[in-house]
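K.L.:
Pasting the feature list from TrEMBL:
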type    : residues                          : note
BINDING : 119, 120, 121, 122, 123, 124, 125 : ATP binding site
DOMAIN  : 35-84                             : domain 'Mur ligase N-terminal catalytic'
DOMAIN  : 117-316                           : domain 'Mur ligase central'
DOMAIN  : 339-467                           : domain 'Mur ligase C-terminal'
MOD_RES : 228                               : N6-carboxylysine
Ligand SMILES: CC(=O)N[C@H]1[C@@H](OP(=O)(O)OP(=O)(O)OC[C@H]2O[C@@H](n3ccc(=O)[nH]c3=O)[C@H](O)[C@@H]2O)O[C@H](CO)[C@@H](O)[C@@H]1O[C@H](C)C(=O)N[C@@H](C)C(=O)N[C@H](CCC(=O)O)C(=O)O
Ligand SMILES: Nc1ncnc2c1ncn2[C@@H]1O[C@H](COP(=O)(O)OP(=O)(O)OP(=O)(O)O)[C@@H](O)[C@H]1O
């Protein structure tokens, strides 16, 4: 089922759109076209759409004007003239697209409580926790994460962590049409830097944490932080829930001008904080302090880092005045975030997990927890994904080797990068990082089999880096590969003998 089905009814006239854009816009051709939608991908254009032909890193959308027209586009928005369709010409169409798409679809976020979660780690988990808390509080929810887009009228696999502006507004409009009360969504730094969320009103912006990542896209950490901080500008969100366990969160909390609630799993000065944190192989307990309450909480989610994410969700819900007692019950019942410390059982005499950790900040939070579960060894399958910040690779190997007894380096998704050099960078880090035994096995399935074969009763195995991802990408080639399935198969064969 599709979750994105709205059309703008009644249609808007193209000349109204031009008027809305003001003097910055000129129109070539008739302004009488009736507009019922807007899209920035010619392959997704539907009859009655305006096609936004945007300049890109690789191509210019104007190259696809004929295709857009063939699919029923009635006009274009671009920074270039065209005689294919009536065209609204503006200097920076990507900058204007978000608010324009919101207007086309009736500004849907204004009739929804949209919670936007940004940060380096924890966005997906916090979005799932927000959704669980809101549903338990009786709110009909929609959710947009890098895993799934789910609403009252269906769900689909996500193609982006944060959708592009037109798709985002279409989805929000579909949620609003189906009497959704609140939406929990991830807001990536790409989504902020590329203006995908412009035109969306967030009731609460949530900041989880910030550590080195995505420096393939942002020139440096300050630019990365500045992109994240955009979410908390008054024009984007009405309130903020900010984690203060790192310097960037503390800086943000000191500078935001919207009402804010701080949270921390370590600092009791935070508005919402935790004490008595205890993580074991069955779940995670803590005492919640905040909003005048001290509440014992027992998460089914594994790992102390999920206390941070639960606090993020609860601080955001407190900022919005949601019933925390009901929300806590919902958060306690959430048993899995796909690919995030998912335990895999096949009767083996040791613990085995799949996790999405893919930066050193995540490794430093998770490995100590994994170590706490065993008196035996920690065996980690690690790698590095291609077309990402090359500066991550060596540290990923070094940090894994600091905490694990055995590190098995293998392929994740190299994309257009050379798989051998990806592995060698990670292995070089692992060999320098500690006393760990280091193996290099290019084939991921073989690496997983090796990990479970090496494991002794009581050990811990973690297959890291890909989480929920079901597709492995080598250049243009794609193959289905789900770590959870591969790990279960390897365990089943091991147990069968
Ligand atoms: C860096 C980045 O995000 N780039 C995005 C950007 O690409 P671009 O500006 O270079 O566009 P382009 O590919 O040159 O195409 C130019 C224009 O032609 C259009 N086009 C293109 C082909 C066609 O057949 N028809 C058509 O209309 C495109 O929609 C685009 O508007 O606009 C494209 C169109 O929307 C996106 O597909 C593309 O995402 C790329 C593929 C991508 O990989 N993005 C990732 C990095 C991303 O966004 N990741 C974050 C999460 C990061 C994380 O947390 O890990 C996310 O929010 O998903
Ligand atoms: N609060 C946290 N602090 C540190 N690491 C975390 C935290 N939450 C999750 N992680 C680690 O980060 C990984 C990704 O978690 P999650 O998907 O919730 O975050 P995310 O911000 O959506 O990540 P991405 O943007 O890469 O999808 C987890 O598998 C775990 O290893």
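From the backbone N, Cα and C atoms, a Cβ is placed for every residue, glycine too.
Because TrEMBL annotations are produced automatically, they should be read as predictions rather than curated entries.
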K.L.:
For the recorded positions 121, 122, 123, 124, 228, which residues place their CB under 6 A from an atom of ligand 2?
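P.N.:
Among the recorded positions listed, those whose Cβ sits under 6 Å from ligand 2 are 121, 122, 123, 124.
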K.L.:
CB neighbours of residue 119 (ATP binding site) within 10 A?
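P.N.:
Excluding its own Cβ, the number within 10 Å is 28.
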K.L.:
Can you give me the residues near the recorded ATP site, meaning same chain, not 119, 120, 121, 122, 123, 124, 125 themselves, Cβ no more than 8 Å from the center of the site's Cβ atoms?
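P.N.:
Output for this site, in sequence order: 117, 126, 186, 208, 209, 309.
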K.L.:
Tell me the residue counts in helix, strand and coil for the domain 'Mur ligase C-terminal' (339-467), as DSSP assigns them.
P.N.:
53 helix, 27 strand, 49 coil
K.L.:
Compute the C-alpha separation of residue 124 (ATP binding site) from residue 228 (N6-carboxylysine), stating it in Å without decimals.
P.N.:
15
K.L.:
Grab the pLDDT values for the domain 'Mur ligase central' (117-316) and give me their mean, rounded.
P.N.:
96
K.L.:
Take the Cβ of residue 121 (ATP binding site) and count every other Cβ within 10 Å, whichever protein chain it belongs to.
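P.N.:
Result for residue 121 (ATP binding site): 23 neighbouring Cβ atoms inside 10 Å.
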K.L.:
Which has the fewest other Cβ atoms within 10 Å: 120, 124, 125, the binding-site residues listed?
P.N.:
120
K.L.:
What binding-site residues in the list 119, 121, 123, 125 lie within 10 angstroms of residue 228 (N6-carboxylysine), counting C-alpha atoms?
P.N.:
119
K.L.:
Check residue 121 (ATP binding site) against DSSP and tell me helix, strand or coil, would you?
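P.N.:
Going by the DSSP assignment, residue 121 (ATP binding site) belongs to neither helix nor strand, so it counts as coil.
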K.L.:
Same-chain residues six or more away whose CB lies under 8 A from the CB of residue 122 (ATP binding site)?
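P.N.:
In sequence order, 208, 209, 305, 308, 309, 312 meet the Cβ cut-off.
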K.L.:
So how many other Cβ atoms are close to residue 228 (N6-carboxylysine), meaning within 10 Å of its Cβ?
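P.N.:
Its Cβ has 25 other Cβ atoms within 10 Å.
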K.L.:
List the helix, strand and coil residue totals of the domain 'Mur ligase N-terminal catalytic' (35-84) as derived from DSSP.
P.N.:
13 helix, 15 strand, 22 coil
K.L.:
Would you count the other CB atoms within 10 A of the CB of residue 123 (ATP binding site), including those on all shown protein chains?
P.N.:
27
